[in-house]
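Inspection log for the structure reproduced underneath, given as C-alpha coordinates.
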Amino acid sequence: DDQIKLNWSNRSGIDWKTRTNHERWRTFKKRSEKVERFVIGRSKRRTRTRGDQRLSDEDSRVSSIEATRKRTNDGERVYMGRLLIWMHFLLLTLLLVSVQKAAACSCAQAHPQTKFCESDFVVVVRVKKVLPVNDYEIAYKVKINRVFKSNPKADMALMQNLLRTPSTDSMCGVTLNVGDTYVLNGRIVSGRALISTCGLSIRWADTTTRQRKGLRQLYQQGCVCDILYTHWRRKGAVLESSGGKNCLWESTPGPQDCQEKYGVCMASHSGCSWIPSVPYKNCIKEYQRKREQQRSREP
(Lines of atoms letter the chains of each structure in order from A and count residues from 1; the text may use other names and numbers.)
(Lines give C-alpha, C1' and ligand atoms only; values in the text may rest on other atoms or scores of the structure.)
Protein backbone atom coordinates (compact mmCIF):
# COMPACT_ATOMS: atom_id res chain seq x y z
CA ASP A 1 0.00 0.00 0.00
CA ASP A 2 2.78 2.38 0.83
CA GLN A 3 4.40 1.63 -2.57
CA ILE A 4 1.12 2.30 -4.37
CA LYS A 5 0.67 5.58 -2.55
CA LEU A 6 4.26 6.56 -3.41
CA ASN A 7 3.85 5.70 -7.09
CA TRP A 8 0.54 7.65 -7.28
CA SER A 9 2.20 10.63 -5.64
CA ASN A 10 5.13 10.54 -8.08
CA ARG A 11 2.81 10.41 -11.09
CA SER A 12 0.36 13.08 -9.94
CA GLY A 13 2.79 15.25 -8.06
CA ILE A 14 0.33 15.28 -5.12
CA ASP A 15 1.00 13.81 -1.77
CA TRP A 16 -1.33 10.93 -0.88
CA LYS A 17 -2.26 12.56 2.35
CA THR A 18 -3.17 15.71 0.52
CA ARG A 19 -5.31 13.67 -1.90
CA THR A 20 -7.14 12.08 0.98
CA ASN A 21 -7.85 15.45 2.51
CA HIS A 22 -9.16 16.74 -0.84
CA GLU A 23 -11.45 13.77 -1.19
CA ARG A 24 -12.66 14.22 2.35
CA TRP A 25 -13.31 17.88 1.65
CA ARG A 26 -15.26 17.11 -1.50
CA THR A 27 -17.19 14.44 0.30
CA PHE A 28 -17.89 16.84 3.17
CA LYS A 29 -18.83 19.59 0.75
CA LYS A 30 -21.21 17.29 -1.12
CA ARG A 31 -22.78 16.17 2.12
CA SER A 32 -22.98 19.77 3.30
CA GLU A 33 -24.63 20.81 0.06
CA LYS A 34 -26.99 17.89 0.32
CA VAL A 35 -27.82 18.77 3.91
CA GLU A 36 -28.19 22.42 2.91
CA ARG A 37 -30.55 21.48 0.05
CA PHE A 38 -32.50 19.30 2.44
CA VAL A 39 -32.71 22.03 5.06
CA ILE A 40 -33.67 24.65 2.46
CA GLY A 41 -36.26 22.31 0.95
CA ARG A 42 -37.73 21.52 4.33
CA SER A 43 -37.75 25.21 5.23
CA LYS A 44 -39.52 25.99 1.98
CA ARG A 45 -42.01 23.23 2.62
CA ARG A 46 -42.58 24.51 6.15
CA THR A 47 -42.93 28.06 4.84
CA ARG A 48 -45.37 26.86 2.21
CA THR A 49 -47.25 24.84 4.82
CA ARG A 50 -47.33 27.79 7.21
CA GLY A 51 -48.44 30.05 4.38
CA ASP A 52 -51.16 27.63 3.48
CA GLN A 53 -52.09 27.38 7.14
CA ARG A 54 -52.17 31.17 7.40
CA LEU A 55 -54.29 31.33 4.28
CA SER A 56 -56.49 28.62 5.70
CA ASP A 57 -56.74 30.48 9.03
CA GLU A 58 -57.44 33.72 7.18
CA ASP A 59 -60.11 31.99 5.12
CA SER A 60 -61.57 30.56 8.32
CA ARG A 61 -61.61 33.99 9.94
CA VAL A 62 -63.20 35.52 6.85
CA SER A 63 -65.73 32.71 6.75
CA SER A 64 -66.41 33.17 10.47
CA ILE A 65 -66.84 36.93 10.02
CA GLU A 66 -69.12 36.40 7.04
CA ALA A 67 -71.12 33.82 8.99
CA THR A 68 -71.37 36.22 11.93
CA ARG A 69 -72.46 39.03 9.63
CA LYS A 70 -74.98 36.74 8.01
CA ARG A 71 -76.36 35.70 11.40
CA THR A 72 -76.44 39.37 12.44
CA ASN A 73 -78.21 40.36 9.25
CA ASP A 74 -80.63 37.47 9.62
CA GLY A 75 -81.27 38.47 13.24
CA GLU A 76 -81.80 42.09 12.23
CA ARG A 77 -84.20 41.05 9.49
CA VAL A 78 -86.14 38.86 11.93
CA TYR A 79 -86.20 41.69 14.50
CA MET A 80 -87.32 44.25 11.92
CA GLY A 81 -89.96 41.84 10.65
CA ARG A 82 -91.34 41.36 14.16
CA LEU A 83 -91.16 45.10 14.81
CA LEU A 84 -93.12 45.81 11.63
CA ILE A 85 -95.73 43.22 12.61
CA TRP A 86 -96.17 44.85 16.04
CA MET A 87 -96.33 48.31 14.48
CA HIS A 88 -99.02 47.15 12.07
CA PHE A 89 -100.90 45.54 14.96
CA LEU A 90 -100.64 48.72 17.04
CA LEU A 91 -101.79 50.90 14.15
CA LEU A 92 -104.69 48.55 13.47
CA THR A 93 -105.67 48.64 17.15
CA LEU A 94 -105.54 52.44 17.22
CA LEU A 95 -107.56 52.57 14.03
CA LEU A 96 -110.21 50.25 15.45
CA VAL A 97 -110.37 52.28 18.67
CA SER A 98 -110.72 55.48 16.64
CA VAL A 99 -113.45 53.94 14.50
CA GLN A 100 -115.28 52.68 17.60
CA LYS A 101 -115.04 56.11 19.21
CA ALA A 102 -116.21 57.76 16.02
CA ALA A 103 -119.07 55.27 15.70
CA ALA A 104 -119.98 55.30 19.41
CA CYS A 105 -123.38 56.57 20.49
CA SER A 106 -123.33 60.17 21.66
CA CYS A 107 -126.28 61.74 23.47
CA ALA A 108 -126.72 65.28 24.69
CA GLN A 109 -127.41 65.62 28.40
CA ALA A 110 -131.15 65.93 28.93
CA HIS A 111 -133.29 66.06 32.07
CA PRO A 112 -136.03 63.40 32.44
CA GLN A 113 -138.61 66.18 32.08
CA THR A 114 -137.05 67.25 28.75
CA LYS A 115 -137.07 63.65 27.50
CA PHE A 116 -140.70 63.34 28.52
CA CYS A 117 -141.70 66.51 26.69
CA GLU A 118 -139.84 65.64 23.46
CA SER A 119 -141.13 62.05 23.14
CA ASP A 120 -144.11 60.58 21.29
CA PHE A 121 -144.87 58.11 24.06
CA VAL A 122 -143.87 57.38 27.66
CA VAL A 123 -144.83 53.97 29.06
CA VAL A 124 -144.15 51.57 31.89
CA VAL A 125 -143.55 48.08 30.50
CA ARG A 126 -142.43 44.64 31.61
CA VAL A 127 -140.04 42.94 29.20
CA LYS A 128 -141.24 39.50 28.12
CA LYS A 129 -138.93 38.50 25.27
CA VAL A 130 -136.09 39.67 23.00
CA LEU A 131 -136.73 39.16 19.27
CA PRO A 132 -134.04 39.55 16.58
CA VAL A 133 -135.25 41.62 13.62
CA ASN A 134 -132.14 41.88 11.41
CA ASP A 135 -128.41 42.54 11.72
CA TYR A 136 -129.03 46.09 12.88
CA GLU A 137 -132.19 45.93 14.96
CA ILE A 138 -133.86 43.94 17.71
CA ALA A 139 -137.34 44.14 19.22
CA TYR A 140 -138.55 43.71 22.78
CA LYS A 141 -141.86 41.96 23.29
CA VAL A 142 -143.41 43.81 26.23
CA LYS A 143 -146.48 44.05 28.37
CA ILE A 144 -147.58 47.67 28.73
CA ASN A 145 -148.54 48.34 32.35
CA ARG A 146 -149.16 52.08 32.08
CA VAL A 147 -149.15 54.86 29.49
CA PHE A 148 -148.08 58.32 30.73
CA LYS A 149 -147.98 59.98 27.33
CA SER A 150 -149.10 59.03 23.83
CA ASN A 151 -150.58 60.30 20.56
CA PRO A 152 -152.74 58.64 17.87
CA LYS A 153 -149.73 57.29 15.96
CA ALA A 154 -148.19 55.97 19.17
CA ASP A 155 -151.48 54.32 20.15
CA MET A 156 -151.48 52.36 16.88
CA ALA A 157 -147.82 51.35 17.16
CA LEU A 158 -148.03 50.33 20.82
CA MET A 159 -150.87 47.93 20.04
CA GLN A 160 -148.19 45.57 18.66
CA ASN A 161 -146.52 45.42 22.09
CA LEU A 162 -143.15 45.68 20.35
CA LEU A 163 -140.44 48.23 21.09
CA ARG A 164 -137.62 48.32 18.54
CA THR A 165 -134.03 49.46 19.15
CA PRO A 166 -130.64 49.22 17.40
CA SER A 167 -128.86 45.93 18.09
CA THR A 168 -125.57 47.50 19.26
CA ASP A 169 -124.61 50.03 21.92
CA SER A 170 -122.59 52.01 19.38
CA MET A 171 -125.85 52.72 17.53
CA CYS A 172 -127.59 53.80 20.76
CA GLY A 173 -129.33 50.47 21.29
CA VAL A 174 -131.05 49.91 24.65
CA THR A 175 -130.25 46.78 26.67
CA LEU A 176 -133.19 45.57 28.78
CA ASN A 177 -133.43 42.50 31.00
CA VAL A 178 -136.26 40.06 30.43
CA GLY A 179 -138.65 40.10 33.40
CA ASP A 180 -137.73 43.60 34.58
CA THR A 181 -140.10 46.58 34.54
CA TYR A 182 -138.95 49.88 33.03
CA VAL A 183 -140.20 53.37 32.30
CA LEU A 184 -139.36 54.08 28.65
CA ASN A 185 -139.96 56.83 26.16
CA GLY A 186 -139.55 56.88 22.40
CA ARG A 187 -140.54 58.13 18.97
CA ILE A 188 -142.80 56.72 16.25
CA VAL A 189 -141.00 56.17 12.93
CA SER A 190 -142.78 54.53 9.97
CA GLY A 191 -145.45 53.19 12.30
CA ARG A 192 -142.93 51.54 14.64
CA ALA A 193 -142.17 52.39 18.26
CA LEU A 194 -138.45 53.09 18.62
CA ILE A 195 -136.42 53.48 21.82
CA SER A 196 -132.75 54.41 22.37
CA THR A 197 -130.24 55.04 25.12
CA CYS A 198 -130.67 58.78 24.56
CA GLY A 199 -134.18 58.53 25.99
CA LEU A 200 -135.65 57.35 29.26
CA SER A 201 -134.75 53.80 30.23
CA ILE A 202 -134.99 53.55 34.01
CA ARG A 203 -136.03 50.58 36.09
CA TRP A 204 -139.36 51.45 37.62
CA ALA A 205 -138.09 50.39 41.04
CA ASP A 206 -135.24 52.94 40.75
CA THR A 207 -137.47 55.95 40.09
CA THR A 208 -138.11 58.38 42.93
CA THR A 209 -141.54 59.39 44.21
CA ARG A 210 -140.97 62.85 42.76
CA GLN A 211 -140.12 61.42 39.32
CA ARG A 212 -143.28 59.30 39.36
CA LYS A 213 -145.35 62.37 40.21
CA GLY A 214 -143.63 64.22 37.39
CA LEU A 215 -144.44 61.41 34.94
CA ARG A 216 -148.08 61.39 36.01
CA GLN A 217 -148.69 65.14 35.74
CA LEU A 218 -145.99 67.69 36.56
CA TYR A 219 -143.58 67.08 33.65
CA GLN A 220 -146.39 67.69 31.15
CA GLN A 221 -147.31 70.97 32.86
CA GLY A 222 -143.69 72.11 32.68
CA CYS A 223 -143.17 71.40 28.97
CA VAL A 224 -143.45 75.14 28.26
CA CYS A 225 -140.10 75.58 30.05
CA ASP A 226 -136.58 74.78 28.85
CA ILE A 227 -134.09 73.01 31.08
CA LEU A 228 -130.49 73.90 30.19
CA TYR A 229 -127.69 71.52 31.15
CA THR A 230 -124.97 73.86 32.38
CA HIS A 231 -121.44 73.45 33.69
CA TRP A 232 -121.52 74.45 37.33
CA ARG A 233 -118.78 77.07 36.87
CA ARG A 234 -120.83 78.87 34.18
CA LYS A 235 -124.08 78.94 36.15
CA GLY A 236 -124.00 82.71 36.77
CA ALA A 237 -123.21 83.63 33.15
CA VAL A 238 -125.87 81.31 31.71
CA LEU A 239 -128.47 82.48 34.22
CA GLU A 240 -127.78 86.11 33.29
CA SER A 241 -127.86 85.45 29.53
CA SER A 242 -131.17 83.56 29.77
CA GLY A 243 -132.77 86.32 31.79
CA GLY A 244 -133.73 83.86 34.52
CA LYS A 245 -136.45 82.34 32.35
CA ASN A 246 -134.91 78.85 32.12
CA CYS A 247 -134.14 76.18 34.69
CA LEU A 248 -130.43 75.42 34.95
CA TRP A 249 -129.46 71.79 35.43
CA GLU A 250 -126.00 72.09 36.96
CA SER A 251 -123.27 69.53 36.32
CA THR A 252 -121.39 67.76 39.10
CA PRO A 253 -120.17 68.95 41.60
CA GLY A 254 -123.30 71.04 41.32
CA PRO A 255 -126.64 69.58 42.51
CA GLN A 256 -127.03 67.51 39.32
CA ASP A 257 -128.44 64.43 41.07
CA CYS A 258 -130.88 66.47 43.15
CA GLN A 259 -132.28 68.21 40.10
CA GLU A 260 -132.48 64.99 38.12
CA LYS A 261 -134.19 62.89 40.79
CA TYR A 262 -136.32 65.50 42.54
CA GLY A 263 -136.41 68.58 40.30
CA VAL A 264 -139.48 69.71 38.34
CA CYS A 265 -139.22 72.87 36.27
CA MET A 266 -142.46 74.89 36.21
CA ALA A 267 -143.47 78.23 34.72
CA SER A 268 -144.48 81.24 36.82
CA HIS A 269 -145.05 84.95 36.24
CA SER A 270 -141.31 85.68 36.56
CA GLY A 271 -140.18 82.81 34.35
CA CYS A 272 -139.30 79.16 34.87
CA SER A 273 -137.77 77.73 38.03
CA TRP A 274 -137.41 74.53 40.03
CA ILE A 275 -140.52 74.21 42.17
CA PRO A 276 -139.82 73.49 45.82
CA SER A 277 -140.58 70.14 47.42
CA VAL A 278 -139.50 68.44 50.63
CA PRO A 279 -137.36 65.77 48.88
CA TYR A 280 -135.71 68.41 46.69
CA LYS A 281 -134.93 70.70 49.66
CA ASN A 282 -133.51 67.80 51.70
CA CYS A 283 -131.30 66.73 48.80
CA ILE A 284 -130.00 70.29 48.31
CA LYS A 285 -129.21 70.60 52.05
CA GLU A 286 -127.27 67.34 51.98
CA TYR A 287 -125.42 68.46 48.89
CA GLN A 288 -124.47 71.79 50.50
CA ARG A 289 -123.28 70.02 53.67
CA LYS A 290 -120.97 67.74 51.66
CA ARG A 291 -119.66 70.69 49.67
CA GLU A 292 -118.79 72.57 52.87
CA GLN A 293 -116.95 69.52 54.23
CA GLN A 294 -115.03 69.19 50.98
CA ARG A 295 -114.04 72.87 50.98
CA SER A 296 -112.87 72.67 54.62
CA ARG A 297 -110.46 69.86 53.67
CA GLU A 298 -109.03 71.79 50.73
CA PRO A 299 -105.71 73.62 51.37
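For all residues, glycine too, the Cβ spot is worked out from N, Cα and C.
What you are looking at is a predicted structure, and each value in this text was computed from that prediction instead of being measured.
Per TrEMBL, the disulphide partner of Cys198 among Cys105, Cys107 is Cys107.
The helix, strand and coil residue counts that DSSP assigns across the domain 'NTR' (105-223) are 33 helix, 45 strand, 41 coil. Among the disulfide-bonded residues Cys107, Cys117, Cys198, Cys223, Cys272, the ones whose Cα sits within 10 Å of the Cα of Cys265 (disulfide bond) are Cys223, Cys272. With a 10 A radius on its CB, Cys198 (disulfide bond) counts 15 other CB atoms from all the protein chains. Using a 10 angstroms CA-CA radius around Cys247 (disulfide bond), the recorded positions that qualify from Cys105, Cys225, Cys272 are Cys225, Cys272.
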